[in-house]
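Copied from TrEMBL, the annotated features are:
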type	residues	note
DOMAIN	B:1-103	domain '2Fe-2S ferredoxin-type'
DOMAIN	B:150-179	domain '4Fe-4S ferredoxin-type'
Amino acid sequence: MAVTGILLALFLIAHMLGNLKVFTGETSFDHYAHWLRDIGKPLLPGVWFLWILRAVLVVAVVAHIVSATVLARRARAARPVRYAHRKKINGSYAARTMRWGGVIILLFVIYHLLDLTTGTLNPVGNESKPYGNVVADFAPERWYVTLFYTLAIVTVGFHLRHGAFSAFRSLGQQTPRGERTARTAALIFAVLLCAGYLVVPFAVLTGLVS
Amino acid sequence: MNLTLRIWRQKGPEDKGRMVTYPVDDVSPDMSFLEMLDVLNERLILAGEDPVAFDHDCREGICGMCGLMINGDAHGPQRGTTACQLHMRQFTDGETIDIEPWRASAFPVVKDLVVNRSAFDKIIAAGGYITAPTGSAPEAHSTPVAKANADAAFESAACIGCGACVAACPNGSGMLFTAAKLTQLSLLPQGQPERYTRVIGMVDAHDEAGFGGCTNAGECTPACPKGIPLNTIGRLNRDYLAATAKGAGNTPGS
Ligand code: SF4
Ligand code: FES
């Protein structure tokens, strides 16, 4: 869980930084998006690098889901009879919503790929004009798309808040002071990442990016 | 105080079990929770009914025998307190209290509120000891131990093996117990020779017993009557990673 989670979190950081390019204007953003397809050009032909990256991500996602499923099944087997009086949450809310949160994130990622990678669900869906696709996506009259994105990103934030701390712990974070640091770092990371992802749709919604 | 109790009644391991409601009147707020159950049992016996079976021994919070899920809280609402040390003044007059046994497949119900916790013994048997014969306690200063390590080991050694961590865990994991029993040895010089075989052995025994996997959810520490800190599990994880990297099996003992 920890290793694949860290891989995916690194991707999320890179993805967020790329998104912020939207503020540098249409030409620059489109240029960046096309460059993504050409990384490693002289060395590797065309979109090779992109496909290698995609393959690594898919493997990480699948491994992450497989380990989560194993844990969930073990948890179910470990408590065959449930409590009649369900206990309240003493730990963190984020920790208790990891599984369903993960399912929501998976559904969102599928929608997101159909929307902005293949363009199937995008109102413009023009592969050569990613900037136009983004602007069309979060137009004020498509407020429900922005709402869904916001909910999904907040879910990702909760997932990361517990996930980042939990990854430190699984990889051997062991002192009480380190625990406080790890928890704070995870919280700051989750909030920054949420903010970084949410400014783009809201900038489009308010007309800052058009 | 007048209370309504809803208690899990189960005749034996094969019985399906059900929650049964009992009104209990005239409970003193100064009684312990177990004394309140004693009062109920005396009345049940007088009425010719089967008394409620529950585990207890020392009744002073040190043996780890008592263990009840009280209103969904392991050992009841007061933190750092075993069920035997919990007073009825923590409840209000007229309250309905749900009492259930620990729920875990590794802790099968024997009768009513009594569960079989020998899965914990299997974890201890897999490495929760040192094999060197130590004789009587040596002079305390003959083996220097860093203060921080001594304190952390002492904190871990406070675990009474009650099983509340498993009962409270959403995954039914016994990692807090396993980590406590591991670190009380791994932080001290006497525990070093078998340090890495111990961690593999104990974690394997934990998994084989049918406990769930730890997801760092953090429900165990608030439920633990001895407040074993969550970072204890981090110490176990670090030892486990080191042991797998080393390919443990090169040290005698287990
Ligand atoms: S770690 Fe705490 S809750 Fe778990 S068995 Fe030990 S004393 Fe009980
Ligand atoms: S009866 Fe010994 S700890 Fe409660």
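From the backbone N, Cα and C atoms, a Cβ is placed for every residue, glycine too.
Quantities reported herein were computed from a predicted structural model and do not represent experimental measurements.
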What average pLDDT is reported by the model for the domain '4Fe-4S ferredoxin-type' (B:150-179)?
96
If you run through the domain '4Fe-4S ferredoxin-type' (B:150-179) with DSSP, how many residues end up as helix, strand and coil?
18 helix, 0 strand, 12 coil
Could you give the number of helix, strand and coil residues in the domain '2Fe-2S ferredoxin-type' (B:1-103) as assigned by DSSP?
20 helix, 25 strand, 58 coil
